[in-house]
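Remarks on the structure that follows.
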Amino acid sequence: MSQDLNSGRIVVLAGPSAVGKSTVVRRLRTDVPDLFFSVSMTTRDPRPGEVDGEDYIYVTREQFEQNIAADKMLEWAEIHGGLQLSGTPREPIEKALAESRPVLVEVDLEGARNVKKMLPQVQTVFLAPPSWEELVDRLTGRGTETQDVIERRLQTAKVEMASQSEFDHVVVNDDVDKAVAAISEILR
């Protein structure tokens with residue numbers, strides 16, 4: 001393990017699909033000076049408006065598996081019942097920490113567990129919806145997924161919601177400004 005990963009401030013953000021992680025991350029990237037946001041690598045297709053290399057690094061399953069084999073991933077997981085692979089590239093985080101920048105890593109539940117296991121000093125944040133009903137409304141209201149995908153994401157969300165006590169911090173996203181302020185404090 002690189003010494004760079006054992007020093008510096010790393011905040012790991014997780015939460016269910018449609019809880020507003022992307023919105024909160026976008027705001028944090030503008031509001032927190034010097035913040036390094038670790039762009040996750042994924043095998044899922046981009047949603048409308050998402051930019052490769054900015055929102056996610058979009059790759060094929062084969063490319064993702066090559067990165068795993070070459071030990072280029074800090075963590076990775078097969079998520080939503082095998083629907084996609086998603087993970088965190090290692091090198092950009094090492095570089096940001098070497099530059100003494102705070103690091104924000106957005107991952108799923110397994111990713112948060114894996115990073116915490118490898119780097120116990122990280123602060124984990126669970127971004128929670130105001131209610132289950134609100135989460136279902138947000139997910140179905142996006143209009144970007146099929147009913148089958150929505151059902152899988154809701155199944156995953158049930159497991160994630162039941163696991164929030166594992167996190168160092170729980171931030172309820174009923175107001176984006178308040179959620180951003182709370183996570184900004186944790187990053188300081």
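For all residues, glycine too, the Cβ spot is worked out from N, Cα and C.
Copied from Swiss-Prot, the annotated features are:
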type	residues	note
BINDING	Gly15, Pro16, Ser17, Ala18, Val19, Gly20, Lys21, Ser22	ATP binding site
DOMAIN	8-188	domain 'Guanylate kinase-like'
For Ser17 (ATP binding site), which residues in the same chain are close in space, meaning a Cβ under 8 Å from its Cβ, but six or more apart along the sequence?
Leu139, Arg153, Thr156, Ala157
Check each residue in the chain of Pro16 (ATP binding site) that is at least six apart in sequence and keep those whose C-beta is under 8 Å from its C-beta; list them in sequence order.
Pro129, Leu135, Arg153, Thr156, Ala157, Glu160, Met161
Take every residue in the domain 'Guanylate kinase-like' (8-188), average their pLDDT values, and give the whole-number result.
92
Does Val19 (ATP binding site) have same-chain partners at least 6 apart in sequence with Cβ under 8 Å from its own Cβ, and which are they?
Leu127, Ala128, Pro129, Leu135, Arg138, Asn173
Which of the three DSSP-derived classes (helix, strand, coil) applies to Ser17 (ATP binding site)?
coil
Let me check the 10 A CB neighbour count of Gly20 (ATP binding site). How many other CB atoms are there?
20
What other residues of this chain sit with their CB within 8 A of the center of the CB atoms of Gly15, Pro16, Ser17, Ala18, Val19, Gly20, Lys21, Ser22, the recorded ATP site?
Leu127, Pro129, Leu135, Arg138, Asn173
Residue, out of the binding-site residues Ala18, Lys21, whose Cβ gathers the largest set of other Cβ atoms within 10 Å:
Ala18
Tally every other Cβ atom lying within 10 Å of the Cβ atom of Gly15 (ATP binding site).
28
